[in-house]
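Below: one structure, written as structure tokens.
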Amino acid sequence: MGLAGVSKKIKYGKDPRNLGWSNNTERFGHKHMSKLGWKDGEGLGHEDRKAQSITQNIKIVLKDDNVGLGAGLAKADKDEAFGLMDFQKLLGKLNGRAQEIEAEVERQQKDVLRGKFGMVFVSGGLLQGTIEEFNKKRGSEAVEESDSDSEESESESDDDKKSRKSSKKEKKDKKSKKRKADDDSDEEEKKSKKSKKDKKEKKEKKEKKEKKEKKEKKEKKEKKDKKEKKDKKEKKDKKSESPTPHDGMEKPSASSTSALRGRMAGRAKFIRSKRMAVMDEKSLNEIFMVKN
């Protein structure tokens, strides 16, 4: 399972090979076996079969839990990856060993079933009596009847063949007619869909054109209005800037008026250009470097 698996801590004792238990002569097991005639260093089993007897020390496993016998098998199954057999089956198909893998899967399934429902079939022999003789007589009569039936069936089979052929031909004709009708209906549907699509496209194009024309008209009107406003403002500024002589006041000299006009004209021109720039969005965007 890797790092995601359950970590099992194993603590090794002072005697990991369990030699202290086997060498201890004070325990009940050692005393009981010595009473039965066993001596230290001898093997287990009958004296006449010492060649087949066990000569190694007996190793035991202490049961320190309350789980029943065979519970370790279930624990071993949990460690296996889910769907591993399916993955092996897929690999076997890719490698050209599909039959071997299927046979292995079938064997494993049978093992599981045998483990759950263990059964051994024992044959109990066959019953013998009058039933077998009756079946033999009945079989001979059935053979005679079958011979007579076969002759009749041969005569009827020719008519059946002809009727089958005619029915097959009729079915084939019906299928071909049905296919033609389906094809015609499909073509009509395609044509209707195409015409609808063309109409929709034409409508969309017309709407786009109308929108474009409206937009252009609106822009032209706005430009015209701006121009008219601009002209009106310029005329108004000119009127306001021109000096109005009052009655009873002395007229300025020609040299002073010419100088005044030159200064005022430059100032008025600057103010006019500034106002025009503020009113025009395009020029403002150019000044502030803003893209439309």
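Even glycines carry a Cβ here, placed using N, Cα and C.
Of the listed segments 1-26, 27-52, Swiss-Prot assigns region 'Disordered' to 1-26. Counting residues per DSSP class in helix, strand and coil order gives 45 helix, 0 strand, 0 coil for the compositional bias 'Basic residues' (192-236).
As a summary of secondary structure, the compositional bias 'Basic residues' (163-179) carries 17 helix, 0 strand, 0 coil according to DSSP.
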